[in-house]
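To keep things clear, I will list the structure first and then write my remarks on it.
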Amino acid sequence: MKLQEIKNIDITGKKVFIRCDFNVPMDEYNNITDDRRIRSALNTIRYCIDHDCSVILSSHFGRPKGGFEEKYSLLPIAKRLHILLKQDIKMAPGVICDETLQMAKELKAGEILLLENMRFEAGETKNDEELSKKLASMAEIYINDAFGVSHRAHASVEGISKYFDIEHKAAGFLMAKEIKFFHHIIHNPKRPFIAIVGGSKVSGKLEALYNLIPKVDKIIIGGGMAFTFLKARGHEIGNSLVEDDLIPEALKIMEEAKSKGVKLYLPVDVVAAEAFDAEAIAKIATIQEMPKGWMGLDIGPASALLFSEALSDANTILWNGPMGVYEMDRFAKGSTKISHAVANSYATTVVGGGDTADLVRVTGDEDDMTFISTGGGASLELIEGKVLPGVKALVIEEND
């Protein structure tokens, strides 16, 4: 797969539309609490400015119900971009209203226009042709630098790309980096290759598990999803989260791992609580002695030790999903220990998924990871072996 990249097309002096992913966390006062996604986009933006482009930026933010909602406005993003880029950012009043289209038309070389939240337009998530066409009419070049939404066939991600030929559209630096990194990890990892898969549900990770089994040497399963596997093995799991309908799938995955010689690790103990509550009575219990009616909300210390030991000989580690309810301090120890173990490893370490990226930031391990993906669902679909709609549009067709 050969990806068209921004550095390989002529953008000098052109009007460029860049789809970014500025969907950053904010507190109740509209202060940005983590601007990593904004900082990640700066390379592409600066490259365009250095090439005398006039730049139109677009992104979604949150899930507005339809139409303008102040709390979902991109104004705080414009302010942060102004600080980071040290230049004025023109804020559009809408996405494709007449005033916005006029601002885009009059944009001069070196100037930046930020469109309002793409999802204020109902047509964005429906991949509406009319909206795609209007967005495309604003610029001569289309750049997709939003890896985090490239698994979605939306107007500003996929629809718009149809109106540009392969010499006038490309992946931005961030997008190209993410795609190449995941491609390399999945298809050409340095062994032993170990995957850590966590999070609450098996259903969300099923395809990824099936795709990983033939590729990895070991797979570690933690988080709420581990209980479906433990129940499949005949363990009593109390009131822990379980997807009974997926027990046959869990058995199939374990069977598959066994037949491929892949070592599959499950928790041997848990931090069990009487209720899903930060204040609930909790204690450490082995899997064999789960108190009746209690629920496991984190892996226990023996599991953390076992998993860390399993990681000790890794050359490549791919981690997607926390080991427990890390948002509650009492149930964050397991995830924190695994985070430290991954960070201290000599392996190439790749963290995918919003929760896991957030977790390694909280544990202070962010700088010790080789690569932290900006995309949760997108990185998962790449692991599943899918071609993302936003990426497909940027692939250079190679003649046989």
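Here the Cβ of each residue, glycine as well, is placed from N, Cα and C on the backbone.
For the substrate site that Swiss-Prot gives as Asp21, Phe22, Asn23, Arg37, His60, Phe61, Gly62, Arg63, Arg119, the extra residue drawn from Arg46, Arg152 is Arg152. Looking only at the binding-site residues Asn23, Thr356, the densest Cβ neighbourhood within 10 Å occurs at Thr356.
Listed in sequence order, Val197, Gly199, Met225, Asn320, Gly321, Leu380 are the same-chain residues six or more apart from Lys205 (ATP binding site) with CB atoms under 8 A from its CB. Secondary structure at Asp21 (substrate binding site), as computed by DSSP, is coil. Asn23 (substrate binding site) has Gly354 as its nearest neighbour among the binding-site residues Gly296, Glu327, Gly353, Gly354, going by CA to CA distance. Counting neighbouring Cβ atoms within 10 Å of each of the binding-site residues (His60, Arg119), the lowest count belongs to Arg119.
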